[in-house]
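J.: Can you keep this structure in mind? I'll have questions shortly.
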Amino acid sequence: MNVKLGLLYMLLSGLALGIMGALMKIASGYFSPSENIFYRAFFMLIFLMIFYCFKPFSFKPRKKGAALLLIWRMSLGALGMSLFSYNIYTMSLANATAFNQSSPIFSIAIAFFLFKEPVGFRVFLAGLLGMFGVILISNPHTSGLTWKQIFPGVLNGLIVAVAYSSLHRLKEYYDGSLIVFAVASCMCLLGFLGFFIHLPPFATGYHPMRFSGDIWHWDLWRLAGIGLSGVFGQYFLTRAYMIAPIGLISPMVYSRLLWSTLFGILLGDPWPSLWVGIGMGLIVCSGVLIAIKNQK
């Protein structure tokens with residue numbers, strides 16, 4: 001276990017995923033959420049193969065017995081990314097990220113109800129604070145969101161919680177880069193299917209990349225940036241969870257919320273309201289309390 005390196009990986013992951021979210025927000029002005037998913041995953045796979053040439057990773061499992069768990073992680077990863085992409089399209093980047101990072105709250109419920117793990121007072125308090133935080137950012141009267149926006153947001157946090165719970169077990173069977181590669185492949189397939197269906201606003205058919213104007217304004221670079229930042233974000237996150245205790249490093253994941261709020265405002269999103277800001281703060285406090293409990 002290497003705690004310092006794990007913390008660094010979490011900070012780098014937060015920055016990379018914040019950049020990815022900002023680029024997806026820009027791209028959502030032209031591309032549908034399903035197209036954003038496809039291009040993010042497509043360029044992720046390209047960059048992963050380039051990295052493979054310099055630092056090969058094993059496609060073979062270290063030991064057998066986790067194929068179904070890997071498929072489960074792939075499916076949840078693709079579904080979680082689909083919901084996040086949809087949320088970026090329909091709400092501010094800060095709100096979408098806050099929903100995404102509410103996953104530790106759902107992890108408490110999963111541990112208690114599904115795995116029958118004991119929940120002490122500190123964890124119960126953390127879950128209560130986090131629940132109030134989610135209520136504040138999802139309440140139509142405090143956030144301005146509609147129920148059509150709120151449901152995918154809350155579901156995104158739940159899916160992420162279930163997906164991350166599988167990483168700790170998968171490290172015994174697969175290389176971290178292979179897990180990222182597998183999830184990206186599933187995302188690419190899901191996004192590609194969106195080219196052929198009309199399910200607005202998630203999927204609205206195919207929109208070709210634009211190459212007009214100055215070369216640096218081409219969609220190609222923006223979409224490639226989404227893929228590259230996604231690779232680094234997922235790689236650093238996966239590595240962090242694999243080399244360090246989850247409880248010690250998990251608070252650093254909230255640095256992504258800070259970056260997303262800043263980038264969102266720079267891109268024209270309104271400042272979070274007082275109640276939404278308090279809700280985000282409660283979610284962060286909830287995660288920190290959970291981490292403190294896990295350290296003991």
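Glycine is treated like the rest: Cβ placed from N, Cα and C.
TrEMBL lists 5-138 with the feature domain 'EamA'. According to TrEMBL, the feature transmembrane segment maps to 7-31, 37-54, 66-86, 98-115, 120-138, 150-167, 179-200, 220-237, 244-267, 273-292.
Help me see these features in their spatial surroundings.
T.: Within its own chain, the transmembrane segment (66-86) has Cβ neighbours under 8 Å at 24, 28, 33-34, 36-37, 40-41, 96, 100, 152-153, 155-156, 159-160, 162-163, 166-167, 169-170, 172-174, 179, 182-183, 185-187, 189-190, 201-202, counting only residues six or more beyond its boundaries.
Residues 95, 98-99, 102, 104-105, 108-109, 145, 150, 153-154, 157, 275-276, 278-283, 285-287, 289-290, 292-293 of the same chain sit 6 or more residues outside the transmembrane segment (120-138) yet have a Cβ under 8 Å from a Cβ within it.
Long-range neighbours of the transmembrane segment (150-167) within the same chain, counting only residues 6 or more positions beyond its ends whose Cβ lies under 8 Å from a Cβ of the stretch, are 69, 72-73, 76-77, 79-80, 83-84, 86-87, 90-91, 95-96, 99-107, 110, 134, 137-138, 140, 143, 179, 238, 241-242.
Outside the transmembrane segment (179-200) by six or more residues, the chain places 32-42, 44-45, 48, 57, 70, 73-75, 77-78, 81-82, 167, 170, 206, 230-231, 234-235, 238 with a CB less than 8 A from a CB of the stretch.
Counting same-chain residues at least six beyond the ends of the transmembrane segment (220-237), those with a Cβ under 8 angstroms from any Cβ of the stretch are 9-10, 12-13, 16-17, 19-20, 23-24, 26-27, 36, 39-48, 51, 176-177, 180, 183-184, 209, 211, 253.
For the transmembrane segment (273-292), same-chain residues at least 6 beyond its ends with a Cβ under 8 Å from one of its own Cβ atoms are 94-95, 98, 101-102, 104-105, 107-108, 122-123, 125-127, 129-130, 132-137, 139, 142-144, 247-251, 253-254, 257, 261.
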J.: Give the residue counts of the domain 'EamA' (5-138) per reduced DSSP state, in the order helix, strand, coil.
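T.: Secondary-structure breakdown of the domain 'EamA' (5-138): 107 helix, 0 strand, 27 coil.
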J.: Which residues of the same chain, at least 6 past either end of the transmembrane segment (98-115), have a Cβ under 8 Å from a Cβ in it?
T.: 80, 84, 87, 123-124, 126-127, 130-131, 133-134, 137-138, 153-154, 156-158, 160-162, 164-165, 250, 253-254, 256-257, 276, 279-280, 283, 286-287, 290
